[in-house]
Amino acid sequence: MAGTSSVRIVLVVVFGVLALIGSAQAQLQMNFYASSCPKAEQIVLDYVKQHIPNAPSLAASFLRMHFHDCIVRGCDASVLLNSTSGQAEKNAVPNLTVRGFDFIERVKSLLEAECPGVVSCADILALVARDSVLTTGGPFWNVPTGRRDGVISNITEANANIPSPFHNFTTLLTLFSNQGLNLTDLVLLSGGHTIGISHCPAVSRRLYNSTGAGGIDPTMDSEYAENLKAHKCKTASDNTTILEMDPGSRKTFDLSYYSLLLKRRGLFQSDAALTTDSTSLAFINQLLTSSPQFFFDEFAKAMEKMGRVNVKTGSEGQIRKQCALVNN
């Protein structure tokens, strides 16, 4: 009996070790496609380098698309899926102004021609986001690969989980915490707004429907607000005018976004909210008194962490043939 028990214990330990190894192998890894599609990452980079210099504003859009994907159901390319009934994530209010879906689909077609059914749309989006930012002069970050594509995309989940320009600090931190991201990640990932653009509806209530003089949000610099009303969002109903989130520096990935926050010139309520928490404010000041490389390095860590949120690996999900459609 003692011998039998020993055998059982050994078997349990052996199978336990095997299970751990299997789990480790199923996680993301650098150069995941080195054997199955060795040219994959170079194909993505070459396409980005060929086209992004002609449309550099897409870098911000891909950064946003990647974030919106990861914050809902994890980084599984669910944001790319179409819905015949208009009920997919891309139909949610926060995603109506996201651009570049056709760009991702073109990259996918190149990879399908090279290695059919191998490279996931989730990995393509993660790589395109990184390569686009890098191509426009922003930081590099590691993109471990091996993500699989999800098969569910839900408009309600997107509306509930994607942070809004109108959110306060507590709500923002809760939404980030729900995905395993912390206060530091919130401040750093918000720094992506340094190359961002938006439209008047995201700020009109701060300009026209707040408690300050003339309807202006009292937490917003009055000169900045008056300038926006005079030259950009001339009416509360303007839905089309494009706004720079980092005026004068939008094409440069730098620290000026944080400098503007301290001057009460953050465009969104959610930008201004970052200065309402003492820990967040202290970190913003740390970024501003450190080298630009420190910001790049910290932003890179946050992006890699975000890219690992609730990923599907191993046999989960699928590898879509087209990014907008679940495989039949």
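For all residues, glycine too, the Cβ spot is worked out from N, Cα and C.
Caution: TrEMBL annotation is automatic and unverified by curators.
Here TrEMBL flags HIS68 as active site, proton acceptor. The Ca(2+) 1 binding site annotation in TrEMBL covers ASP69, VAL72, GLY74, ASP76, SER78, GLU89. According to TrEMBL, the feature substrate binding site maps to PRO163. The heme b binding site feature in TrEMBL is assigned to HIS193. As annotated by TrEMBL, Ca(2+) 2 binding site applies to THR194, ASP246, ASP254. What TrEMBL records for CYS37-CYS115, CYS70-CYS75, CYS121-CYS323, CYS200-CYS233 is disulfide bond. According to TrEMBL, the domain 'Plant heme peroxidase family profile' annotation covers 27-327. The feature signal peptide is assigned by TrEMBL to 1-26. If you look up TrEMBL, you'll see ARG64 marked as site 'Transition state stabilizer'.
Of the listed binding-site residues SER78, THR194, the Cβ environment within 10 Å is emptiest of other Cβ atoms at THR194. The closest partner of CYS70 (disulfide bond) among the recorded positions, by CA position, is SER78; the full candidate set was SER78, CYS115, CYS233, ASP254. Straight-line distance linking the Cα atoms of ASP246 (Ca(2+) 2 binding site) and CYS115 (disulfide bond), rounded to a whole number, equals 40 Å.
When the recorded positions CYS37, HIS68, CYS115, CYS233, ASP254 are screened for a Cα within 10 A of the Cα of GLU89 (Ca(2+) 1 binding site), the ones that qualify are HIS68. Comparing Cβ neighbour counts within 10 Å across the recorded positions HIS68, HIS193, the minimum falls on HIS68. With respect to Cβ neighbours within 10 Å, the disulfide-bonded residues CYS37, CYS70, CYS75, CYS121, CYS233 differ, and CYS37 shows the lowest count. Checking each of the recorded positions ASP69, CYS121, CYS233 against CYS37 (disulfide bond) by C-alpha distance, the shortest gap belongs to CYS121. The two recorded residues, THR194 (Ca(2+) 2 binding site) and HIS68 (active site, proton acceptor), show a Cα separation of 17 Å.
Per Cα geometry, HIS68 is the residue among the recorded positions HIS68, CYS75, ASP76, CYS200 nearest to PRO163 (substrate binding site). Other Cβ atoms within 10 Å of the Cβ of ARG64 (site 'Transition state stabilizer'), summed over all protein chains shown, number 23. The two recorded residues, GLY74 (Ca(2+) 1 binding site) and the residue listed as 'active site, proton acceptor', show a Cα separation of 9 Å. Around VAL72 (Ca(2+) 1 binding site), the C-beta neighbours below 8 angstroms that are at least 6 residues distant in the chain are SER78, VAL79, GLU89, ASN154, GLU157, ALA158, ASN161, ILE162. Each residue in GLY191, HIS193, ILE195, SER249, ARG250, THR252, PHE253, LEU255, SER256, TYR257 lies on the same chain as THR194, ASP246, ASP254 and has a C-beta within 8 Å of the C-beta centroid of that Ca(2+) 2 site, without being one of the site residues. When the C-alpha distances from ARG64 (site 'Transition state stabilizer') to the recorded positions CYS75, CYS121, HIS193, CYS233 are tabulated, the minimum falls on HIS193. For the pair HIS193 (heme b binding site) and ASP254 (Ca(2+) 2 binding site), the Cα-Cα distance reads 10 Å.
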